Amino acid sequence: MVQYNFKKMTVVPCGKDFIDIILSRTQRQTPTVVHKGYAINRLRQFYMRKVKYTQTNFHEKLSTIIDEFPRLDDIHPFYGDLLHVLYNKDHYKLALGQINTARNLVSKIAKDYVKLLKYGDSLYRCKSLKVAALGRMCTVIKRIGPSLAYLEQIRQHMARLPSIDPNTRTILICGYPNVGKSSFINKITRADVDVQPYAFTTKSLFVGHTDYKYLRYQVIDTPGILDRPFEDRNIIEMCSITALAHLRAAVLFFLDISGSCGYSIAQQAALFHSIKSLFMNKPLIIVCNKTDLQPLEGISEEDMKLVTEMKAEAMKTVIGQGGEATNDDGVLLTMSTLTEEGVISVKNAACERLLNQRVELKMKSKKINDCLNRFHVAMPKPRDQKERPPCIPHAVLEAKAKQAAEKKKRTTEKDLENENGGAGVYSASLKKNYILANDEWKEDIMPEILDGHNVFDFVDPDILNRLEELDREEGYTQAEETDDFEMDGMELTPEEQKALAEIRQKKSLLIQQHRIKKSTAESRPTVPRKFDKDREFTSKRMGRQLSALGIDPAMAINRARSRSVSRRGRKRERSLDKGDTDGAGVVDMDVDTPKKKLHVMSRPHSRSRSRPPTDVVPGEGFKDSSQKSKALDKARKSVKNRNKNARRGEADRVIPNLKPKHLFSGKRSNGKTQRR
């Protein structure tokens, strides 16, 4: 169970928000109506209550901040040093000290002004003392604004820290940058640590969890460490040093024997010897990674000597009887995270070493004596040299034999297949389940053709009679369905037969085209005429078709051409009456005609053809104009309420908040609406 959870810490407001929260609460939670005609004692109590309530709220808020932030001296040394590395414990303690000082100052200010309010002799003087008290409290909070902002940043960063339990079973991975530490933790846990082919991809501690022998193990991936003096190491490296120094864990020191990380084996061995003091009393395993690029046996003698020295140092951490190393199994291991060869064996070795160490430490502790006093293990000893085999009754043996016979395995098709050559050789027989009068007939071969005839045609003795009846029924049906207008080709002359064949062929083509268009109508887009690249819909084609039907196409072609002329830039002309196609009704401009009459006759064509909204246009779906006017009235009435409520449409169901709580809650004076 994790003991330190920094994610539940309360948000620290900035100085201005802090003041707004407290003064707003004071205004809402205390009486606001007072008159100068009240007794002086009542006036004093009114303003003393406001000062005390404000001081109480400030005290509670500041106390919450001080209590929720961890004290570095009271928490585990791992978290204490980690917070010191990340935030500098001097600045951290100064910020919390300023918060504590501000809390004491606010309490002192409230105490002093409550004393002064006891001697207030008027409403004006009491109110002035209250304003001065609240003002001095707010000034104190404003002065600690930078400390509040600093603590809020620390709180946000601490909430993002991984939840590490310092007391549980832990496996710690360390080594140079880019040696495969993050790839290993991704393989054995469900953690998703970023892996990149450059150094210092991991910049903080990452935690994953794995299981071994039904126990949960905590795996920590640390940032890479460089071989340089302690003072020159940065914050990223110090996170790893802190984890190595304070966590009681099994340490996996990763060694890149291929050199692809950018550091030689000599540099990695130097780092190992510089931090080996941090490995004391911890199970240590040297893991040679990237064996897919360079096997351990293929390195040079100098590098092998360095690896052997590191193995000798790791042997000192093996806890055996009397503090001496018992064996070298699980001290130097090889693996490749790319091919996953040896990954599970490294994990199992680390978990086993850590588990053995924890058990031995518990056995050496003082508490184990108290526990052992409560146990008594009875070990039976032989009283003589006589053999005493187990005695099983004969009835029980018979019952077991009978039960074993009943449980004899039934032979299945799979067993038969395995016995007769396996898949591809054995073919299951489908005839063995036939229900026949004689079981010997099951494997008989049934001929399909006999004496030139199909055998299945003669299975039914009445097959020929039924076929004749079926032909007769089809003949009757065809005779009934024959159209009266259908012509028989034998009654026509050769010319008529040729024309009939052409008609039928054209009819079949039209049917096929219609079916193709119908099948692709949904997926075929509507193409405008101007994009008709194949020129299928032209006036010439229309003229040919109309001429073939015996219709004069001149008027239709002229109408199509007149409607296709662009109207852009064309002057408006007066349209002729429908009856004046020959020009007889055109107004002669030389005749002295009154101006009013000319104006009436020269109305635009679009205005002269406008119609009232109740007129029925074909295709609208109305029977007459009265039905259309009723439908329009209903439509107007249906949207009246929606327009009155300023709705966008039928789906607009927004409920406006006409009186927001933060503007209308609490008590307010008759004058201005300012809260304070």
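Placement of Cβ uses the backbone N, Cα and C atoms for every residue, glycine included.
If you look up TrEMBL, you'll see 529-539, 621-636 marked as compositional bias 'Basic and acidic residues'. What TrEMBL lists as compositional bias 'Basic residues' is 560-573, 596-610, 637-646, 659-676. As annotated by TrEMBL, domain 'OBG-type G' applies to 169-355. Taken from TrEMBL, the feature region 'Disordered' covers 515-676.
Across the domain 'OBG-type G' (169-355), the prediction's mean pLDDT works out to 83.
Per DSSP, the compositional bias 'Basic and acidic residues' (621-636) is made up of 12 helix, 0 strand, 4 coil. For the compositional bias 'Basic residues' (637-646), the DSSP-based tally of helix, strand and coil residues reads 7 helix, 0 strand, 3 coil.
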